Structures are given as C-alpha cells and as structure tokens.
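What follows is a set of notes on a single structure, which appears directly below.
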Amino acid sequence: MGCSQWRAVYSVISCPSLTQTSSCVYSVAIPDTDAAPPADYSKVDVTCSHRLAEDLQHFVAHIEGSELPQEIESAHLPPVHSISVGAPVQSIIQADTQIFVVLHISNLLTHDAKGIEFVFALQVISQLMVFMISFVSTVFCGHLGKTELAGVSLSIAVVNVTGISIGTGLSLTCDTLISQTYGSGNLKRVGVILQRGVLILLMACFPCWAVLINTEPLLLAVKQSPENVLSWSDFLFYVFSLQAAFMYQLQGRYLQNQGIIWPQVITGAIANVLNAIINYIFLFRLDLGVAGSAAANAISQYLLAVVLYVYISWRGLHKATWGGWSLDCLQEWGPFVQLAIPSMLMLCLEWWMFEVGGFLAGVISETELGAQSITYELAVVAYMFPLGFSAAASVRVGNALGAGNIEQAKLSCKVPVICASSLSIAKDVIGYIFTTEQDILQRVADVMFIFGFMHLADAVAGVVGGVLRGAGKQLVGALCNLVGYYFIGFPIGVSLMFAANMGIVGLWTGLTICVLMQSIFFIAFLYKLDWKKAAQEVFGDVLSVTQLVLRRGSALLVMVVILVAGIFRQQLLHQTVEISRLMMQICQSD
C-alpha cells in the first residue's frame, strides 16, 4: 500500500465531524504523511458511536454475502449484534487487512460528505417554506397599492418582533439539546425534551398575545401613519395563529436535529400552494384587503403545523424517540431556559434590528417604508442560503463537536457571493416582483449596492452563529449581537439615516459595518474555543411533585396574569377613546 492511499485514509480519519456523532470518533497514531504507513495497523482504533454502529452493521451484512478480495478471504468478521454503541471497534479484519475496513468506512463517510450539497439544498428549501408564507402576503398586497404594501409590511414586522421571533428563538434551544442527546444515542430523552419545549413555548404565547392585542395604539404612539396601521381586531388573526407557528418551529427543530429534513420541505410546499390560493381568493375575489391577507396568513400557519404533525404520525417518524407523555417533561426546565433565553436573544436582537428599520422608515415616508420592506424581504430570501448552512452546522456540531467540514465551508463561501452579485446586477428590476411604484423601485435600487457587501459579511456571521448554537454558546452570540447591532450598527445607521438624510441607505450602511465586525469576532472566538469543554451537557436537579406544582404553576399563573393585563389595558384604552369621541361630539353640538 502506497503513501497516497494512507494519506487518503488519514484525511478522513482526522475529520470527526463527518460521522455526525457527539464525541471524537477516531483516534489514530500515525507518522508524517510523507512517511511509510506503520506495519501494525492495530494502532488504528475506532470508538463506535450510534451512527458508526449502523455503518459497520451495514458493512458486515454486505461483506458476508460478497466475494472478498483474496488477501482478506480468511478474515474474521464480528457478528452484527456484537457491534454496539460506545464499544471500541478494533481489528474488525485482523492485522494487515484492517486497513480495508477503515477504507470501506471512509468511503461511506466520504459519500456522506459528498451529499452535503444535497442536504444543504433541503435545509434552504425548508427555511424558505416558512418565510414564503409572509413573502406571498407582501407580494399580493404590494400589487393592491402603496398603502396596502406599507400596511402589511408594518403588520408583519410587528408580528415578527412580538411573536414569531420569540418562538423561533426559544425553539433554537433544540439545536443544542436535541442534537447532542440524539448524537449520544439516548433517543427516548429526545421525546422528553420535545415535550418540555411544547409546554414552555405554549406558555410563551401568553405575553406575546398581550402585546399583539395592544399593537394599534403602540404603533400610533411611535408616529406611524394611521392608514398603515391595522386595527386591533385585524391583529387577532395573528394572535390566534401564534401557537401554530410556535409548534411548527418546534416540530421542525425536532426533525432537523435528527437529520430528517424532507417532511418540512413537503409540508411547506403544500402549505405555500394553499396560502397563495387563499390570498388570491381573499384579496382579489372577496376584496378583504390587508385584513384578508392577515386571515390567510393565520390559516397558512395552521396548515404548516397540522400537515407536518400528520406527516410525522403517518410515517412514524416519532416512534424511535417518543415514549409518550411523561412527568419528566416537567423536570430540568432550568437548563432548558438557561439555553432558551440566550438562544432567543441571539436571534431576536438581530431580527428586531431589521424590523426596527421598518418602523424608522415608516416615520420618514410611505416610499421609504415600502422600499425598506422590499429590501428586507429580498435580504431574507438571500439569507436563506447561509441560514441553511447555519442550521446544518448547528446540527453537525451538536451531533459531533469537532472540526468543521472543508467542503461545507467552501460552499458556504461561494453561495453568498453568487447571491450578492445577482442582487447587485438585478438591482434595477428586482423590485418589480413586489410593486410598480417607481419611487419605491428607485430606493430599492439605491440600497442593493450596499446590501451586497452586507450580505457577504452576514453570511459568514450566520454560519458561524450556527456553530455557536450547536456548541451551546448562545450567550456569547447574544452578547455579540447586543453590542454589534445596538451599540455599533444602530447608532451609525440612525445617524446616517436622519442626520445625513440618507434614508434607508444610511441604515443598511450601519448594519453592514456591524455584521462585518461580528463575523471577525465570531471567527476569532471559534478559533480559541475549547471543544472538549463545549461537549459537556448540563443537567438540572430532579424536583419533587410539590416543587413541580409550585414552580410550573407559578410560571403559568404569571403568563396568564400578563395576558389578562394586556386584555384589560386594551379594553380600557378602547373605552377611553370612545369617551373622548363622545365628549368631542357633545362639545361640538353645544
């Protein structure tokens, strides 16, 4: 065997992330790659993980019924049942022929690496399916007129800030807990984590509802045009759909962190087709306007959640990890929340900044608000590509804390460059997807040039952020987003936006400076990260039944009180407005 073959084996052995496990799989003692391979191949040791056990079983089952090469005809192969998770696998084929087995395993893993492009494509499509629900609403309303475009843009921004971003951020906890638990082979615990997430996310709906039903007076208080603000009754459509959006996010994370992606793509495609049909009927046949778009959005959120749940049940995707509802789901809320809050902040601090841009643009004019909305929608579409890598990186790091994959890194650099270049080239025509208003189209074209640079830096920060989530370092990401966006990007952007009269171009300039500095910090942090410490899982203390009732009951009571306070405030404000109008009418009549 020549040195080149040995180097090929070594290049795979030294990439533990390819195996998608939660521990370092390979430990090998070899000389420099230019030296001859050692005569004793027994020094090549393999520690069996869940994924590797399946690969080895497949190999043994295949090789037992095949014609072996002459040099390994007499090799001893272990029975399939003896290959277990956590066991050291040594000399599957004795001595000199052991390298044949390692090569075969390497081929399996290399094949998996070559499929990264396919997995990445599925990740991107699944993310797009979620985003397309609001994207379609924006497109339909944009062709109704400038006011309708501004109205739906403002509404979606509010819902994203006060609801969707919260649920999405909390569900990101699964990128750490489920991925690491699944990688360790403790499958039934995955179901318990899912149950825990369901309860916590449903409780999180209460304060979100309280804010949403008070949206109309809040928007008017920050100087938004009354024509662009939906009434509180129209926002009830978004209120009733919030829990469906949260459950879809949780189901998606549950599957994604087990390496299952196709269901989100299939169910997302079904829901989006129905969403487009419903929007068309409500807006162009029933003339329901922006309120009809809100109703279509709510129906589509339920379609996403229900269709995905039915698909999971139909295909039995839950059987390996679901042991039924258990009181264990009431335990260990501390570790979950300790990860959930930084996960939520890491996402929301970034997300909110882009949504705040819409509010600031609305203060300037309808044209600026419409242009900001279109730019933001295009930015999200472009970001789906690095977001796919971010999700894949988070799962892979959670399953296998270790070195990044070279092919994935290369592709993650190429795709954003293509996206940024395409948007810059098409800057004068891409806005026609949303509207035909020439003043809005011109502002979109003005922003696209600076956005190209911003997207490149944001892609790097997004992918590395996925690695941080998989490693359980959400707090670092949250602090970086807080400092970067609110102490660097926001002050610069607002100054350029208003003081320099640059409008939304100034805002995006500030954001570009922010994400550039973020990407540099994230890369430097990962370079210094201790991966062994990052692999340690955190478990909470077991609580008694009395403690569970008191703590979980108190948490639920607090959420209900917040919701009741929000409802009471809305009703009080509504009555105050009616009394004021009545008094004005009396004064005018006198």
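Placed from the backbone N, Cα and C atoms, the Cβ positions cover glycine too.
Pulled from TrEMBL:
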- 118-140: transmembrane segment (TRANSMEM)
- 152-172: transmembrane segment (TRANSMEM)
- 193-213: transmembrane segment (TRANSMEM)
- 229-248: transmembrane segment (TRANSMEM)
- 260-282: transmembrane segment (TRANSMEM)
- 288-312: transmembrane segment (TRANSMEM)
- 447-468: transmembrane segment (TRANSMEM)
- 475-499: transmembrane segment (TRANSMEM)
- 505-527: transmembrane segment (TRANSMEM)
- 548-568: transmembrane segment (TRANSMEM)
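The stretch from 118-140, 152-172, 447-468, 475-499, 505-527 with the most CB pairs below 8 A to the transmembrane segment (260-282) is 118-140.
The transmembrane segment (118-140) shares more Cβ pairs under 8 Å with 288-312 than with any other stretch in the list 152-172, 288-312, 447-468, 475-499, 505-527. Counted over residue pairs 6 or more apart, the CB atoms of the transmembrane segment (288-312) and the transmembrane segment (505-527) come under 8 Å in fewer than three pairs, which marks the two as apart. If you look at the transmembrane segment (152-172), the same-chain residues 6 or more away from its ends with a CB under 8 A from one of its CBs are 134, 137-138, 141-142, 197, 200-201, 204-205, 208, 211-212, 215, 219, 224, 228-230, 234-235, 238, 242, 245-246, 249-250, 252-253, 290, 293-294, 340, 343-348, 351-352, 355-356, 358-359, 362, 369-370, 372-373, 469, 474.
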